[in-house]
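Quick look at what TrEMBL annotates:
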- 6-23: transmembrane segment (TRANSMEM)
- 100-131: transmembrane segment (TRANSMEM)
- 151-173: transmembrane segment (TRANSMEM)
- 185-206: transmembrane segment (TRANSMEM)
- 212-235: transmembrane segment (TRANSMEM)
- 273-295: transmembrane segment (TRANSMEM)
- 307-331: transmembrane segment (TRANSMEM)
- 368-390: transmembrane segment (TRANSMEM)
Amino acid sequence: MANRRLVVYLFAFIAFFFLGIYLDKIARSWGGAFLGRVPGYARCDRPGEPVGGDFTLFYSASALARSGPPEAVYDFSRLRETEQRLFGPSVTLPWPYPPVFLLLVAPLALLPYLSSLALWLLTTLAAYLLVVRRTLPHPLTLWLTLAFPGTFMNFLCGQNGFLSAALVGGGLLRLDRCPRAAGVLLGLMSYKPHLAVLLPVALLAGRRWQTLRWAALTALGLAALSAAVFGFGVWQSFFRHIFFSVQMLQESGAPWSKMPSFYAAVQQLGGSFLLSALAQGLAMAAGLAAVVWLWGRAPGSPPANAALVLGALMFPPHVFNYDLALLALPLAWLARDGSARGFLPWEPALLILAWGMPLLYVPLEGDLLHIPLGPGLLALLLGASVWRYFAAGRLTPGAASDGGPGF
């Protein structure tokens, strides 16, 4: 019965998502594109933004890197000129990524914009779905992942959340069977280092030396390859301009309601910088402690894997709702562990709330109540991951299911 109730609750969330938030966002975001106000245009967060949202940044960086010196992508005035030439005056995004990511996006401008966007989203989505499905081998996994609000947010904004989830999830899946491949996949996360900080910590705590070695070699190899392809000056420009991107985000009025970090939550509630930094520091310490503790005792186990991804999401002060595509991984790991060892009474409700969180917290925070719910749910999931290790003796295998595989 518990399994059936879980399915009913999940699909109730799907109905709420489509009938409420989804239709509202589609009507406001894509309406302009089909009403002909600006041909081919819609919005992700801002009126007049092209279809694909932040993908305009990837495409503009590709065009600029191919037409001029690659380090020009870190010159905001030149990048903005390219963005506005290609997409109009509403697009003004700095390039915050290391040159490693430029290796991947450099070919994007070889195709027309919409073709490039479709190729980017569909290929990364396919990898993402494959990894989540292998993490939780259940007939409903594919459909629940497609309906997952984190999937929708990343798709709407044309971002790289699918890629991040595929790399991290794929690396964790290969950890025991092929440590070298796991290291390569985790090392590729050096393209987004603020989300990868805890990966080497986990491998160190779990004494996964071969995986750690291959992850380090992959990261260093990509850095060397980017310097060889684009010139060493691109790395000098990256380090020179990285703080400009952070400063611009702060001074331009960061969209705190779309950032599920404790720093953003305190800022959104009107707290000072010091209080925000303190809250973020506590969140970072909690994530670090959970990862070190679990990976030191049960490396590669579902609770340890879930804690690693949750800690990675809680660690940076600037993490966006589209990054919550990664949240599908801890949900899948915890559901898999619950299916094998049984759920604690409160866990299904927590998993359901967390499943709906990526879009649920946006309207509640940004439009109605201004209450940041996302960080708290991430912290509760982190606590649940640790608690599952302690509760091993209290769990009954298959307790969550009335027959067949559970969640």
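Our numbering is plain: 1 for the first residue shown, then up by one each step along the chain.
Quick reminder: no glycine exception, Cβ is built from N, Cα and C everywhere.
Beyond the ends of the transmembrane segment (273-295), by six or more residues, the same chain brings 198, 201-203, 205-206, 261-267, 301, 303-304, 307-308, 310-312, 314-315, 317, 375, 379, 382, 385-386, 389 to within a C-beta distance below 8 angstroms of the stretch. Within the chain carrying the transmembrane segment (368-390), a Cβ under 8 angstroms from the stretch's Cβ atoms is held by residues 256-257, 260-262, 264-265, 268-269, 283, 286-287, 290, 293-294, 297-298, 301-304, 306-307, 310-311, 313-314, 321, 324, 327, 330-331, 334, 337, 341, 344, 347, 350, 353-354, 357-358, 360-361, all 6 or more beyond its ends.
Long-range contacts of the transmembrane segment (185-206) within the same chain, counting only residues at least 6 positions beyond its ends with a Cβ under 8 Å from a Cβ of the stretch, are 97-98, 100-101, 104, 160, 164, 167-168, 170-171, 174, 212, 214-219, 221-223, 287-288, 291-292, 295-296, 299-300, 304, 308, 311-313, 315-316, 318-319, 323, 326.
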